[in-house]
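*Asks:* Please read through the structure below; I'll follow up with questions.
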């Protein structure tokens with residue numbers, strides 16, 4: 001979407017670190033253990049909040065990529081580009097998890113927290129990225145993909161909104177955000193309550209995403225300007241990160257504190273990382289940047305690996321040492337390894353394939369129109 005010299009690599013790294021935090025959250029919820037708690041306690045306790053960091057970051061990145069005179073009116077291409085980015089890996093991980101869960105169900109028996117809504121209806125919803133649209137009865141198949149569903153719906157709304165004049169687009173976005181902010185103020189950021197008949201996951205995504213869009217609009221002119229007061233931004237970024245980690249570790253969650261972290265601290269981390277000095281250089285180290293590049297694969301493959309590990313454990317008489325730090329490190333390393341493979345052999349080729357098909361169809365249409 002953006003040339004490499006314009007890419008904000010520090011944001012890639014932040015996304016990658018957040019993805020690892022979410023892996024830890026699902027790890028502890030799957031095995032009910034907390035190895036290396038001194039390091040990973042914030043992620044074990046409230047790592048699910050990092051999904052909201054993804055939403056804020058996504059709003060920022062997509063506003064930068066699409067809300068400009070060069071891209072905003074290319075609606076069809078923009079939508080296809082988002083589908084090409086999201087769908088191939090989503091579909092492959094969906095198909096991959098089914099035989100594992102089927103075998104596991106026959107090995108262990110009914111596990112409602114994994115299998116309750118794994119049926120033809122919810123498979124169809126997953127295929128069309130409607131698995132968290134409000135049509136579902138609960139989580140199904142590759143559970144973390146719930147946020148991919150809400151992301152896609154909000155992306156479509158955003159890409160359609162920016163085709164209007166700027167003032168009109170802002171009215172649409174602010175209206176959507178106000179409705180979602182009301183729902184969050186009433187029921188909390190992370191809840192099961194529908195408000196205005198809308199899935200709470202959609203409210204959560206709308207709220208975070210358009211905070212990210214607003215952040216980009218507030219600081220877009222400063223992104224490419226010389227960095228001043230970099231040390232101050234470093235201090236702000238580190239302080240905000242520490243505040244988030246402390247909050248997550250103690251899990252003093254209320255509708256107000258959750259929202260404050262998502263709508264104040266997350267944007268602060270993003271803005272100060274971009275304008276920082278030392279923190280920006282650290283986040284631009286190749287290893288962290290690569291972790292960010294494969295973060296989408298980490299997010300979608302780690303649950304498949306968790307379920308596969310559970311299946312493996314069902315064949316072994318000796319319990320696996322889930323509570324041992326080296327086992328956790330090994331699982332994280334395995335997740336990164338398989339995510340790197342998925343990124344290289346599924347995510348990137350899948351995106352190219354979808355874009356190539358859409359380009360070929362456009363050429364055929366142009367030839368037909370000209371004949």
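Using the three backbone atoms N, Cα and C, a Cβ is placed for every residue, glycine included.
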*Asks:* Quick check on the annotations: TrEMBL lists transmembrane segment for one of 67-85, 86-104. Which range is it?
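*Replies:* Per TrEMBL, the stretch marked transmembrane segment is 86-104.
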*Asks:* I'm a bit unsure how to read this: which one of 169-185, 235-253, 259-278, 298-316, 322-346 has the highest number of Cβ pairs shorter than 8 Å with the transmembrane segment (12-31)?
*Replies:* 298-316
*Asks:* Cβ under 8 Å to the transmembrane segment (298-316), counting only same-chain residues 6 or more beyond its ends: which ones?
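*Replies:* Distant Cβ neighbours of the transmembrane segment (298-316) are 16, 19-20, 22-23, 26-27, 30, 54, 89-90, 93, 96-97, 100-101, 103-104, 107-108, 114, 142-145, 148, 291, 331, 334-336, 338-339, 342.
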*Asks:* Near the transmembrane segment (235-253), which same-chain residues lie under 8 Å Cβ to Cβ, leaving out any that are not at least 6 residues past its ends?
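*Replies:* Result: 41-43, 45-47, 49, 188, 190, 261, 265-266, 268-269, 272-273, 276, 279.
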*Asks:* Test the contact criterion for the transmembrane segment (145-162) and the transmembrane segment (43-66): 3 or more CB pairs under 8 Å, pairs 6 or more apart in sequence, then answer yes or no.
*Replies:* yes
